[in-house]
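Novice: As annotated by TrEMBL, NADP(+) binding site applies to B:Leu10, B:Gly11, B:Leu12, B:Gly13, B:Thr14, B:Val15, B:Gly16, B:Ser17. Per TrEMBL, NADPH binding site is recorded for B:Lys106. According to TrEMBL, the L-homoserine binding site annotation covers B:Glu191. The annotation active site, proton donor is assigned in TrEMBL to B:Lys206. Under the heading domain 'ACT', TrEMBL lists B:351-426.
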Protein chains: 2
Amino acid sequence: MSEVLKVGLLGLGTVGSGVVKLIENHQQELRHQIGLPVQVEKVLVRDRSKARDVVLSEESVTLYGEEIVENANIDVVIEVMGGITLAKEYIVRALKNGKHVVTANKDLMAVHGAELLSLAAENGCDLFYEASVAGGIPIIRSLTDGLAADRITKMMGIVNGTTNYILTKMTKEGLDYEEVLAQAQALGFAESDPTADVEGLDAARKMAILATLGFSMDVELDDVVVRGISSVTKTDLEYCEQLGYTMKLIGLADRDGDRVEVSVQPTLLPKEHPLAAVNDEYNAVYVYGEAVGETMFYGPGAGSLPTATAVVSDLVSVLKNMRYRVNGHDGAKPLHKKTLKADNEVFAKYFFRLKVLDKAGTFSAITSLFAEKDVSFEKLLQLPIKGEAAAEIIIITHTTDKETYEYLHRTLAALDVVQSVESSYRVEGGK
Amino acid sequence: MSEVLKVGLLGLGTVGSGVVKLIENHQQELRHQIGLPVQVEKVLVRDRSKARDVVLSEESVTLYGEEIVENANIDVVIEVMGGITLAKEYIVRALKNGKHVVTANKDLMAVHGAELLSLAAENGCDLFYEASVAGGIPIIRSLTDGLAADRITKMMGIVNGTTNYILTKMTKEGLDYEEVLAQAQALGFAESDPTADVEGLDAARKMAILATLGFSMDVELDDVVVRGISSVTKTDLEYCEQLGYTMKLIGLADRDGDRVEVSVQPTLLPKEHPLAAVNDEYNAVYVYGEAVGETMFYGPGAGSLPTATAVVSDLVSVLKNMRYRVNGHDGAKPLHKKTLKADNEVFAKYFFRLKVLDKAGTFSAITSLFAEKDVSFEKLLQLPIKGEAAAEIIIITHTTDKETYEYLHRTLAALDVVQSVESSYRVEGGK
């Protein structure tokens, strides 16, 4: 090992600049921990002339990733460029060249994580990815090390800051989805094309990564059932409030032996649940382990410096491993084979909001449908709709299975007395 | 390294039994992680004939710690017996014999941690102590690894379950301290001698450990300024509620460069603060890092299996290190020399509850005292006391220093118009 640890950086966007700053500003701490100074040797950028808030010498900037992944002076490659194809190509070449890799790339890890971790192990290299899930929260490490002795059976994550910001704003200020989304875009909290965030895909990627690791199973992105928040209305949120719940976009990973369910969907949580108090752009991951019980990890899910702390803490781990020559041992293959749960094995409570005809027999027609399927009510609310011969009925059921839920949804919609099923959501976290 | 990893256990109380169960029940996971089976070879007990909920063979139980710490078959010693003198003696002997040590002993680590960590490093041994703070929450690991790249400047912990249970009960049910304490004792949530918990000493030990680690400074138990919850009244809690605050016993560690403050005291937090929602016997540690910003780690602070998960996750770390022959490298000496802050460097807001004469001039006498010291009010409430010619005044100040706070407290108490300063508390977490 040389006298200076040389790092190559693929990408100099929000996270990349944060990494450069953190390495510069924390030299003393880094040296205390790893015994030698760290230097950013080369940085891949898209445009040499772009104005930046970090100062880099002319020769440390390059337009060619090869100058990093093929560079004999570089020990560790940090990939913060995003995207899948090119990032993967660079990481593969870096690993084959014996370089350790730290990545913040959830898209890549969700899709090619298993393959890349194998490749890293074959080459005796570390491949760490703490920053790919929940930014500054050390959740990957907590799952691999902190809760190493436990058997994790459930995880619920608020793992997308944009949607949490939108739902918090809608709830607190009684605003509509479109209105808050526009504000969030203006403030830079939401992308100009917000699809991946608001439709739950970003959260799904993170849940695939968490479930793979937490359950030690090969959970793939396609295994995640996804529903976003774009159909959530302020009316739904008002009823949630009234009934003592808060709506969050929850990534859920649940297992029962080797039978597993992974989903992302708007979910009602009781106000007392630890996740219910996670507001604005903050993230949190709730983890239930058989032995430890309930734990939760809370923090900033994104942002330049928060995400950079996760990247640099991975870098520190790589460097400690290099010092003792023990890299490449962390990519343990999944212990369990997964089987996805069938719909009749997925249990939850459900919220229904129905628009119904305000006449005799309506209530009874609806309740007998639920009775027929043996589903009882936890909460029930009927309210007239002003100026219409219609009413709203809000139902929160006791626990039932997803097959029954879908049957109820379908059958309710077809009832004569029901004008429409306005909305329905999963409810979690109660007794 | 042998074919079976042999562990010696000092103590078979609540945590010790949990460790035995966890090792037995999670053999498959442990073997997956560390590559070989783990066996509890010998257990130190006080009384051979005591009924237990774990089954151990006759020959694996001993009354003599020597049979563990001097046992050539044992690779790792787990100390869960508690107390200081004898536990320390055993740990010292174990380390000198080249055995790695995992301990859950906060009393010992708070007082002799630095010395024992040095001894471990000298002998090439690991000494891990995740279970000593906040039971099942992997906070030690998060500070050493997860936030390794950051500079931590503030930590606030709810690190004592008994006091959090008592304050939660008092707040939610409007009960007096004595009443709740008696209930908690009856339910086994509080010891028959609750002094160490309710007077804040237990929390102080944990804060000394967290501050030492988080700030990389030699913070000692004596550096912690401590006040318990035994003087908190239900009246205080009612006013907290009314003003939008929740009272918690907060362990605070704050630094400004190398100038540090560590305290444990009943503290008002705004209801929106992440720690305000941590209820009952749960623990949480809020960590502020310069780069990462706000993070929080939440979970069970005590209990047999939760604490055992922390012990066994340390054991897994020891075993991984053994596998790669890299033990004994984690006891880094503190990087910074600490200086304790003087009172005029300690800044906070304060809550005062005063009983005053209900007559003209009272209010003005009080407000001019605050004005004289340039302390303004964030919130102010005056209420008549029924049937007396007296009133209560509740004040929440803006930020001031502790020296000024103490002057105000003293001078208020001496004012003619003030019958008594009924209570006063620190207020944290606002803007």
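In case you wondered, yes, glycine gets a Cβ from its N, Cα and C as well.
Remember, TrEMBL labels are computer predictions, not curated facts.
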Novice: I'd like the number of other C-beta atoms within 10 A of the C-beta of B:Gly13 (NADP(+) binding site), please.
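Specialist: If we count other Cβ atoms within 10 Å of B:Gly13 (NADP(+) binding site), we arrive at 14.
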Novice: Cα distance, B:Lys106 (NADPH binding site) to B:Ser17 (NADP(+) binding site), nearest Å?
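Specialist: About 18 Å separate the Cα atoms of these two residues.
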Novice: Which residues of the same chain, at least 6 positions away in sequence, have a Cβ lying under 8 Å from the Cβ of B:Leu12 (NADP(+) binding site)?
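Specialist: Looking at Cβ-Cβ distances below 8 Å from B:Leu12 (NADP(+) binding site), excluding near sequence neighbours, one finds B:Val20, B:Val43, B:Leu44, B:Val45, B:Arg52, B:Val54, B:Val80.
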Novice: Mean pLDDT, the domain 'ACT' (B:351-426)?
Specialist: 94
Novice: Which one of these binding-site residues has the most other Cβ atoms within 10 Å of its own Cβ: B:Thr14, B:Ser17?
Specialist: B:Ser17
Novice: Compared by Cα position, which of the recorded positions B:Leu10, B:Gly11, B:Thr14, B:Lys206 is the closest one to B:Lys106 (NADPH binding site)?
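Specialist: Going through B:Leu10, B:Gly11, B:Thr14, B:Lys206 one by one, the closest to B:Lys106 (NADPH binding site) is B:Lys206.
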Novice: Do you know which of the binding-site residues B:Gly11, B:Gly16 has the most other C-beta atoms within 10 angstroms of its C-beta?
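Specialist: Comparing the binding-site residues B:Gly11, B:Gly16, the most crowded Cβ belongs to B:Gly16.
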Novice: May I ask you to report the DSSP-based helix, strand or coil state of B:Leu10 (NADP(+) binding site)?
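Specialist: Once the DSSP labels are grouped into three classes, B:Leu10 (NADP(+) binding site) ends up as strand.
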Novice: So of all those recorded positions, B:Leu10, B:Thr14, B:Lys206, which one's Cα sits nearest to B:Glu191 (L-homoserine binding site)?
Specialist: B:Thr14
Novice: Distance between B:Thr14 (NADP(+) binding site) and B:Lys206 (active site, proton donor) at the Cα atoms, whole Å?
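Specialist: About 19 Å separates the two Cα atoms.
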Novice: What is the interatomic distance between the Cα atoms of B:Gly16 (NADP(+) binding site) and B:Lys206 (active site, proton donor), given in whole Å?
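Specialist: With the alpha carbons as reference points, the distance is 20 Å.
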Novice: Is it possible to get the count of other C-beta atoms within 10 angstroms of the C-beta of the residue listed as 'L-homoserine binding site'?
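Specialist: The Cβ of the residue listed as 'L-homoserine binding site' has 14 Cβ neighbours within 10 Å.
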Novice: List, in sequence order, the same-chain residues at least six positions removed whose CB sits under 8 Å from that of B:Lys206 (active site, proton donor)?
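Specialist: Set apart from B:Lys206 (active site, proton donor) by at least 6 residues yet with Cβ under 8 Å, we have B:Lys106, B:Ala110, B:Ser132, B:Val133, B:Ala134, B:Gly157, B:Val159, B:Asn160, B:Gly251.
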Novice: Enumerate same-chain residues with a sequence separation of six or more from B:Val15 (NADP(+) binding site) and a Cβ-Cβ distance below 8 A; give 'none' if the list is empty.
Specialist: B:Val80, B:Ala104, B:Ala131, B:Ser304, B:Thr307, B:Ala308, B:Val311
